[in-house]
Structure formats: structure tokens, C-alpha cells
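The structure under discussion appears below in the form of C-alpha cells.
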């Protein structure tokens, strides 16, 4: 050990700490701004206390955004979990095809979500898009994918699913490959069926891995921005107006800085609370899984 | 201690064993039914991958279509590289090539800065238990889950005052929100996997702490550093909301630039597709090189493989 062993770790984390403060500062500043009516038209803002929050919580637009955000996050996380775990199970069988496909599983995940949304936007265009062209033989050539409220929300979720299913699949596959062999051997000896083995053995033992993926996906979808910005920009109407898009429109487009930041502060609080609950749950699940081994 | 690197063949052998242990391997009873189930499973898998790969393939098709055949046909056309020439040659008044260089500069810059401050912090928090260490770590992790706009909107106001709006420095700074938590958390898990005895042996041999870090610890986690750098680069490159709000033209990146081709009264499908493909090539190529480190990387060290 060196001359000042007690001091060394602090010196090592100091640069990271300074950088962290540099990021916490604008966050604190934003929190401070929400107490004023700061906007481009009011460069000398006045103190309004919690007025921004009161206005926001009294608006139907806010509750609509909150509802759409929850629908989006739950829908996307659920669909990605089911599809991702299914893909992982299929890859875990390790057929010849599976081994080849596994190597390219990652591709959609590494494409910027905004680019993915652009790609799907071109494909989902109702009259000249390729998706409707391919659906025409089965009589579904005229679907207005992003031009109806329900269609727009489902299409955005579909793009999210396209990008992030590999994320769940990769983590679930890693989990499947690290499961101990003996319970499965015992089940096979006892002649247990596929469904029974899956429900009683695979899924419970795999769950801690899947849960890590679900938590990441749920929290990320709560703050979705890129996909919806490129695909629908919140429309039609307010049908895909998730909280971050609304915050963007208020703060950047309408330049009502204080009001826009209030939206993100509320979202931040929700994400933070969700994170605490989910991470605590994850801890319990992981402990239980460790005891079961 | 877990090996960060694993022989691919070993992994495959293990995967094969996994299939056998599920009781679905060959050579058991009900061979015919099993074979059919196997085909169905393969078909489902192929179905998923068609869904996953078709958009990429279709962008290639669109980008090779000449403008006058964009909508007249779907699959038969005379391929041309004209769209790529237009996009990279600054067509439509969009300096896409410069955006590409900008993406490169800010992503490399962000990763370099994150490594510079993140590696010592990761090492310290893996090696010593000290006051405030966990708090710092969790604050960093919470950046990963904070809504980006919470920080960006105040920064938008701040940057315009400080002259950092639309600059490389401003972008590299704000991208730390993405890259720093990744570097610190993943490298921390790599350092924690190293037994301290190696460095202690080096200290007994008369190395200083600094030398022990650079000559013993760092070389051993080099694959981890390489993987995390590439992953952080990909995430920085793919970021959209920071350049959307904090740049306008000088420091704009490809993710925002690609969107501009959709603007105008008539979206240029072939140009948009070409721009989209050009912007996804670097992350896709890099991702394929770090396949086996992805699990730990994507889960912030929570899941090891």
C-alpha cells in the first residue's frame, strides 16, 4: 500500500465525481426553473412556486400523456419479454439454423432507435409502403398504420419490440445457459413433459435473468422519445403523446422552459419510484433463486 | 473467478448439452414427433428472424432504387448507387458526410473521456470499501434511467449562454450521461472479478500501486475495456435526443441528419433509406465484434456469461 491508503480511493473517484456534479448541476437547475414561469417570452421570470405543477396536474393533456406512457411501457415491456424469452428458448435448443441465427440476433438492437423508426415509417406508409404491399394478397392492403390513434400506438410499440426484443433474448439466453443441469436430468428421468418442465423448472430458475431485462425495458420505455418522435411525433391528435414528447414540445418547440421541465421532473420521479420498487423486487427474487440452488 | 473470454466451441458444446438435458435431444422415444416439433421450432425461429432482418434488407432495396422507379415497382428495378452518391455528396442541402464525421468525433471523444475518469473510479470502487462509494455508484446508475430531457432542457438554456450550444465539447460533455455509467459499472464488475492477490504479489515485488494497476490489473481486464469502449461508442453514436436539442448544424450527428431527408413536401424514400443504412453501418460492424461480451455489457455487469 502507498503512503496515504485511506485517501487513494477518493483521489481515484474524484474525476468521476466532478463529472457527476457537472451533470447534477443542470438537473438541479432544472428543478429550480420549475418554480418560475421561465419561457422565451418571459426572459425575466417570476416566481410561481408550484404553479407549473398545479397547472400541469389540472390539465387533461397531462393525464392523457401519463396514460399513453404507461400503456406504451407496459405493452412494449410485456411483448418484448414474451417474444424475447421465446426466441431464447428456441435458440437454446441449438439447432443448426439456430446457431447461425444467434450470431445476427444482436443486429436490430444496435440500430439507433430513431433510425429504426425511420425505417419502419417508410415501410408502414399506407399507400406506397412495403408492408401494405405484402399484405394486399390477404386483403389487408389499406391499413392506416400510423394514422389512427390505436394504430399509431401499436405501430410505435411494434418498432420498440423490433429494436429491443434481442435485448431480452440475449439476457434470457445467457440465463438459460447458466442453469444447473441436475434438476432437468431428474425431471427427464421422471418423464416430465415439456410444459411441466418449463413451468416448474425453467421459468422459475430463469426468472431472475429475465427480470433484469424486464426492468431495463420497462424503465426505458417509460422515457421513450426517439421512436415516437420519428414515427408519429405524438399524433394523430394526442394518441401517442408520451410524457417526454410532450415535455419536448412544451420546452423546445413552444419554449415554455419551466413548464416543459415540470413534465420531465414528474416523469423522473415516476421512473425513480418504479426503479426502487423493481430493484427491491429483483433483490428478493435473486436471493430466493440463490437459496433454491 | 469467471473467465471473461470463452472458447466459442466450448460454448457450443455446452449449448448442445443444454438441449440434451431438456430431454429434447435426439435418440429418445417418440422420434418422429420430436422431429416435427424441431421443424416447427426452427420455423418459428426463422419467422422471428425474417421480422428482425427484413427492415434492414428492405432499406438496402430502397436505397438502390432509382428515384423514378421508387413507387412504380416493389421488387424489380435497375439498381443504382445514385442515392448514396447524393447522400454522401451533400445533396438536398444536407451535409451528411460532415454529420458522419461529427458522430465519429463526439462518440470517440465521449468514450475517451469516460474511460479517463471512469476506469480509476471503477477500480477504486471494486478494490476498496470507502464512504460514499456506493452512493456515487448508484447516482451514476440512476443517470442511466433518468429521462434525458430533465437534464437537456436546462442544458439547452445553459449551453446557449456558455457558447457550448452546437459544439463538440458540449456534445462530448452531455454524452457522459450515456457512456460514463456504462464504463464505470461494467469495468467495476471486471475489476471485482480479478483476485487482489495478483496486485498484492506485484506490490511485494516492489511495484508501486500505480504500476500494479497499469502493469497487472489493466492488462488482465483489457478485453473488458475493449468491449465496453465499443459498446459505449455504439450507444453514443446511436443517441438522438442530445444532438436533436443541443446542436443545430455545426455539431449535428447522423441520427438527426438522417431524419432531415424525411422532411420537405415529398419525402425522398431512397435517400432516407441510404442515409439510414450509412448511419447504422458503424454500430452494426462493431457490435458483431463484441458478441461474447454483450451480455455483461448490456446488463451493466448484472448478468455475467
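Cβ atoms here come from the backbone N, Cα and C positions, even for glycine.
Curation does not apply to TrEMBL; its annotations are automatic.
In TrEMBL, the feature transmembrane segment is placed on A:66-92, out of the ranges A:66-92, A:228-254. Distant neighbours of the transmembrane segment (A:66-92): 98, 101-102, 105, 153, 156-157, 160-161, 164-173, 175-177, 198, 202, 206, 210, 213-214, 217-218, 221-222, 224, 228, 238-243, 267; these residues of the same chain sit at least 6 beyond its ends, with a Cβ under 8 Å from one of its Cβ atoms.
Taking every listed stretch (A:12-36, A:161-180, A:201-219) in turn, the largest tally of C-beta pairs under 8 A with the transmembrane segment (A:257-279) is reached by A:12-36.
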